[in-house]
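> Shown below is the structure under consideration.
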Amino acid sequence: MNLFTHLFLISCGASLGAMSRHGLTLLLNPLFTFLSFGTLIANYIGCLIMGIMLAMFWHSSAFSTEYRLFFVTGFLGSLTTFSAFSAEVIENLLQHKWLEGITITSLHILGCLFFTTLGVFIWRYFQ
């Protein structure tokens, strides 16, 4: 595959990931504005899927480079956006909302580590 095919696959995956994240933000942020809930859930879902995919890649080398570029680099890279998370934390800290900033940071980091690990275990369970 050539560079343009790879860029096309990444772009297609990224478009779907960005639309998914935006949809989650519109749907969930109004429920818990304190937590930027849509971004949190997007990161949790993305990390869960990433854990499953990591376990799949470790288990089998049958997954093509193109598959990884579309799903991991494109879709998940766009769905789980660290820039949105960091912006939300910094906004809270600059407004002296220390508890909110620390809570968002803790939930994202610990939750994402948990869901990535859970994804690995889910894949192993079904093997």
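Placed from the backbone N, Cα and C atoms, the Cβ positions cover glycine too.
It should be emphasised that the depicted structure is a prediction, and the values quoted were computed from it without experimental measurement.
Here's the feature list from Swiss-Prot:
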TRANSMEM  7-27  transmembrane segment
TRANSMEM  37-57  transmembrane segment
TRANSMEM  70-90  transmembrane segment
BINDING   GLY77, THR80  Na(+) binding site
TRANSMEM  102-122  transmembrane segment
> Select the range from 37-57, 70-90, 102-122 that forms the most Cβ-Cβ pairs under 8 Å with the transmembrane segment (7-27).
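If we count Cβ pairs closer than 8 Å to the transmembrane segment (7-27), 70-90 scores highest.
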> Counting Cβ atoms within 10 Å across all protein chains shown, which of the binding-site residues GLY77, THR80 comes out on top?
THR80
> Hey, which bits of the same chain come close to the transmembrane segment (102-122), Cβ under 8 Å, at least six residues off its ends?
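Same-chain contacts beyond the flanks: 34-36, 39-40, 43-45, 47-55, 80, 85, 88-89, 92.
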> Which three-state DSSP class does GLY77 (Na(+) binding site) fall into?
helix
